[in-house]
Every structure is written in C-alpha cells, then in structure tokens.
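**Q** Submitted below is the structure of interest, expressed as structure tokens.
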Amino acid sequence: MIIRSPEPEVKILVDRDPVKTSFEEWARPGHFSRTLAKGPETTTWIWNLHADAHDFDSHTSDLEEISRKIFSAHFGQLSIIFLWLSGMYFHGARFSNYEAWLSDPTHIRPSAQVVWPIVGQEILNGDVGGGFRGIQITSGFFQIWRASGITSELQLYCTAIGALVFAALMLFAGWFHYHKAAPKLAWFQDVESMLNHHLAGLLGLGSLSWAGHQVHVSLPINQFLDAGVDPKEIPLPHEFILNRDLLAQLYPSFAEGATPFFTLNWSKYAEFLTFRGGLDPVTGGLWLTDIAHHHLAIAILFLIAGHMYRTNWGIGHGLKDILEAHKGPFTGQGHKGLYEILTTSWHAQLALNLAMLGSLTIVVAHHMYSMPPYPYLATDYGTQLSLFTHHMWIGGFLIVGAAAHAAIFMVRDYDPTTRYNDLLDRVLRHRDAIISHLNWACIFLGFHSFGLYIHNDTMSALGRPQDMFSDTAIQLQPVFAQWIQNTHALAPSATAPGATTSTSLTWGGGGLVAVGGKVALLPIPLGTADFLVHHIHAFTIHVTVLILLKGVLFARSSRLIPDKANLGFRFPCDGPGRGGTCQVSAWDHVFLGLFWMYNAISVVIFHFSWKMQSDVWGSINDQGVVTHITGGNFAQSSITINGWLRDFLWAQASQVIQSYGSSLSAYGLFFLGAHFVWAFSLMFLFSGRGYWQELIESIVWAHNKLKVAPATQPRALSIVQGRAVGVTHYLLGGIATTWAFFLARIIAVG
C-alpha cells in the first residue's frame, strides 16, 4: 500500500453538449455507417444493418466515443428491464389471484395471466384453485412478493407505477449522459473509483437497505402470515417502520432500539438475525431471519471492500500495482500489462465479466432448489424446474458470450508488439499443448462416458442384468461426491458448531421437510446412475471449452492461416484458391460452441428434471411414507440410453402430447411449433449459398416477366448470415420444445 499526498485540483470529467440530439439523423436507417446510410441496393443491406447497428467498434475508432455509446446503451437496457418488471407487477395487480394464493399457498396455484375469449382460446384458463381460472405461472414472482412483505394487489399496482417512473428516468439518463454531459475517457478508466462505488454503493448499501427492509417489513409481515392472520388485518409496511412498539410485540429486543448495537451487546438481536441453517418447516423456504442476517453480513463485507482502493486521498490499493506484483515462478512477467488491456479493451473486460457472471448464474441455478430462498417455493415443482432450467440456459449463453468477446478482443484489441512474456503471451505460445491435451481429455471422456452406457445397453439387450454397471450389479458409486455430502451433513456437529442444521437438506443426515403433504426437500442419494451421467456432463463441458478456447487462442493466427487477424472476427473462408480454409474464423468457433453448449445444458436439465421427480418430489401420507412422482425409477432406468429414451423422454412426453383439449393445450401447440422451428434451422445449416442464389435468380426472372421486380436486388444470405439464422432457430426451437415438454409434464403431475 502506498501513501501519497492528496491530489490538489478537482478534475473535470465530463464534456458538455458533445453530440446534438437529432431525430432526423436517427430516422435515417444506417446513419452510423457511410456505406449503409446510402440505402439498400441488395437485400444484404438489411442483414448488415442488423449486424452492425450495435457494433460500436465499426462506427468509430475513438475509444472515448465507443465508451460513451456503451454507457448510454446500458441505461437503455435498464429502462427496458424496469419496463418488463413493471409489466410483471402490473399483471400481478390486475390479472392475478395473488391475494387468494397468499391466504392458501398450499392448495391454490399461482396465476397472473388470463386469456381473453376471442376465438375460443379461453380453454387455456385452467382451474388453479380458489375459484380462479387462469394460466398457471412458474416464474416464482408470488413467492418473492410474499417474502418481501407484499400483502395486497394495490401494493403491486404502486410498485408497477414506480418501476415505470424509473424506466423513464433511465431513458432520460441514457440521453443526458451521451448528449448533455458525456463522461471523458479518463472517467471510464478510473477503475479504483469504479470499484469503490460499485462495491460500497451497489452491493454494500444495496444489501444493507434490503436487510433493513427485511427486518422492518418482511419479517413481521411473514410472521403474521405464517401464523394464519388474514393479510387484510396485517399492519401496512409504513406502520411497522414508524411504530417501534408494533415490532417490539413480535421481537421484544426492538424496544431497546440501537443501544445493543452501540454497546456491542449484539446477541440481543439474535431474535431476528439468526444462524439456524436448514428450512422453515412452515413454508419450506430458508429461514427469513437467516436471510436478513446474511444480507447484513454481506453489506458489512462490501462496505469495507468499497473503501479499499486508492482514489483522491492517496491511500489504499492501486489495481495496477496489485496486478504487476502478481508474478509466480512459472509465469514470466505475470500480470504485467493486464491493467492496460482491461482499461483499453472493453471486449476483454466484458469477456471476464461474462465468464464470471455465467458461472455465477449456474451456481444460482443449483442453489435455488438446494436452498430454496422464498416461502412455498420448494413445493411449487413447476417453478422449481423452471428456475433451474432458466438459470442453466442463461449461464450457458453468458459463458459462450465470454468466449466470443475474448476472441473479438484478440482480433481487434490485442497488440502483439507490446505484449511479451506476460501471462497471456505465455498461454498463446503454448496454445498447441493446451489444445491438444484438452482434445485428448475430450476423446477420453467421450469414449469412456458413452462406453459405460453402451455397455449397459448391450448387457440389457442380451438379458444379462448381473453384468451391468448399476447399484444392484457392478457398482460405480460416486465416492468422492458421497464423501462431500457426508462432510456437509455432519458439519453442524463438527466443523460448523454454530449452526443448528447443515446448509442444505440435500447433503443428507436430517429428515425431510414437507409442506401441505408435498415434499419440499430431502436428502438426495447419489449412486451409479449419477456417476454415469456426471461423466457425460464432464464430456460435454470439456468439448464446449475445447471449441471456445481454440477459437480464442487461434483467433489471430494458426498454422493453416498465419494472417488470420487481418481477415477479422468473422469471415467465411480464406479467399479463393485456398481450399479447406472455411469455418476457421473466431466467429465460427462461437457458432460451433453454441451447439455444444446446447448439448451440455440439455443433459444437465434432463438429469435434474428426472432425478428430482424420481428421488425428491412427491407426496407424503399421514404415516410419513413418501410417494415420489416417478417412484424412484432414476437409479435403474437412467443407466442405459434406452432407459433415457423410454422412461424419460417418451414416458414424460405423454402429458404434452395428450394436452389437446385441456388447459395445457398451448404447450402441445408450442411443442409442435418449436419442433418445426428447430427443423427449419436445418435448412439453413445443411444447405449451400449457391443453391439459394440459383433459386433466387429463377424467381427474379419470373418477377421480371410479370413486371413486378423489386428495385432492391434479392441476394442469398452470405455463408455467415445463413449460419447465424440457422443456429438461432436451432437454439430457439430446441429451448422452446424443452420448455413445453417440461411445463406440460410438471404442471400435470406436480
């Protein structure tokens, strides 16, 4: 840490009125590019317009201008998010059975969408209980609203209006910070100040205010709701905030105010800041008092973290110093030069952020079911399945995006002349070793993971169950995973003496938690079947990484095309006369990586869906006997590929296939339509450009004959455009098919 004298002068960090506001300019399509602004000559123009509209690098090479555009666009994004949130809350206020659900969350299912009877589609309004007819929703909003203490639809209305106001404010901010007071480049590059403000402000004060809301509003309201008090009788949020006696009736230590805090007698607050672990048996969610305690602790950590970096006061850490001091015995210059990369290349910065956020999103997916945070979430199986699936897909897309922007950084922003012997240079210099080893790992994992299944299918087909890998024949128990489970299950009596129960029921040990006769959570047993499918996970993840990492490491050059950097991020082939050089651009690696990401995530969500229905979700009778949805068939059925096809895909597709004529019929139509969208993608992926150009010229001839030829000359999609359209429909079709399949199934049986 270096201590310097404070800097005397205050820097002016904005430019006033840098860009005039012009509706005329915005109304001209392609105004950001000289070529596009001329208007269309061929139909390729509209595709280029879409490809380049947000590629700010192609509009200008001025880093300050690019930074301002990105900054301004972020406000636009936030505006759309507020608008979307407002819509969610408005539906909750206007079209939902929220108040009915609040009074009986175990028997009434959440609905916030009512179909209007225009052409007879009111069949979609199913009976969700309590005399309400609508579409069952699986977003988890009702559970979040209850956890935050919302007790009436009027409160939802007010929040929806508030979100609209914020959406307008964000739109204004986006305009203001580009056209009226635009930050200078130095402001965008002041990482220490940015870290301090984001850590202390967004994460620190954000968590603190949420903890405050939970203690003063959520906890008392949920206390009343759990006790069965009618939501209309519960005092309103402002009454709890203004009247301390109300809170003191529920939590006596509130009568003492802040005295225990300042006298360091903090244990007084243990009534509402707890450390219990496990789930609340009434709601099947984490203890809300644990959650409040967690947010208070997080707030303290981030408030401290937000005061660690050196800004105007000459005290604290400098990021450049930290990075340059980071050298290991095998890393040459280490992190030297990374500071310059990350402050001048937003692609490099974005790649890191996407990789971390994508990984974090996948971690969230796994926590949402193993530590369900909201009341009555764990017993809403449709919502549990939707939240897991949603966060897995999002995480997958973000990680592929990380590779895409890392490759764009390599092509556009990497300067080989200034990088020597730092970490990145060393990785690039032994990229052949990295990729060939990774390739070997993929081959090993692929043959061995599928080999285990093929062995089982063969033995099963030949009627030799005693020779299969299964829990009842040749066992392949996941011993390391079971050891980890056991360690965590025993933690409260060993490594975490302060906790009453382990962090998650899934570890084992404790009994189950059931709410209203439905299982919320219980210890999840792992066996041979999980061992097999986990190696498929390892295989698909490694192949995805192989494709993406090869795209990044060979983005600038390869033995095949040494001057790849000059060809750009996306190009079809290395020009005429060089056969075998197609599909080598960094863009093509992202394109291929998307398919493997889709493979990887599909296996994960299939595994989760079946495992939970087989071993966790189900009903419990008065004697305490649990009946699982698919009766524990995962362990014996999922050990063959035939079992996956027969007992998962086919058996569980019966609900979506037989949904016609019921309130689930929309899922049947989506299932069909999404299959069609997926199949449509193959037309783009399997066909060559010349085929379409010939067909188009034939059609243009016919138009000319009839004197109806358009002024804009029709062109076949370029190779890259065709692939982009193909992969988009492939993913959209595949994801929507899975969505319809999962929801029709789980809403029918859950």
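Including glycine, each Cβ sits where the backbone N, Cα and C put it.
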**Q** Labelled transmembrane segment by Swiss-Prot, one stretch among 95-119, 195-219, 470-494. Can you tell me which?
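**A** It is 195-219 that Swiss-Prot describes as transmembrane segment.
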**Q** Expressed to the nearest Å, what is the distance separating CYS582 ([4Fe-4S] cluster binding site) and TYR691 (chlorophyll a binding site) at their Cα atoms?
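**A** One finds 18 Å between the Cα atoms of these residues.
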**Q** In the structure shown, with every protein chain counted, which of the binding-site residues TYR691, TRP692 has the densest set of Cβ atoms within 10 angstroms of its Cβ?
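**A** Per the Cβ count, the most surrounded site is TRP692.
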**Q** Name the residues of the same chain, 6+ apart in sequence, whose Cβ is under 8 Å from the Cβ of HIS675 (chlorophyll a' binding site)?
**A** GLY733, THR737
**Q** Reported as an integer number of Å, what is the Cα distance between TRP692 (phylloquinone binding site) and CYS573 ([4Fe-4S] cluster binding site)?
**A** 19
**Q** Between 195-219, 346-369, 724-744, who has the most Cβ pairs under 8 Å to the transmembrane segment (291-309)?
**A** 195-219
**Q** What does DSSP assign CYS573 ([4Fe-4S] cluster binding site), in three states?
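**A** CYS573 ([4Fe-4S] cluster binding site) sits in coil per DSSP, no helix or strand.
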**Q** Let me check one thing: do the transmembrane segment (589-610) and the transmembrane segment (664-686) come into contact, meaning three or more Cβ pairs under 8 Å with sequence separation of at least 6?
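**A** Contact criterion not met.
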**Q** What's the CA-CA gap between MET683 (chlorophyll a binding site) and CYS573 ([4Fe-4S] cluster binding site) in angstrom, rounded?
**A** 21
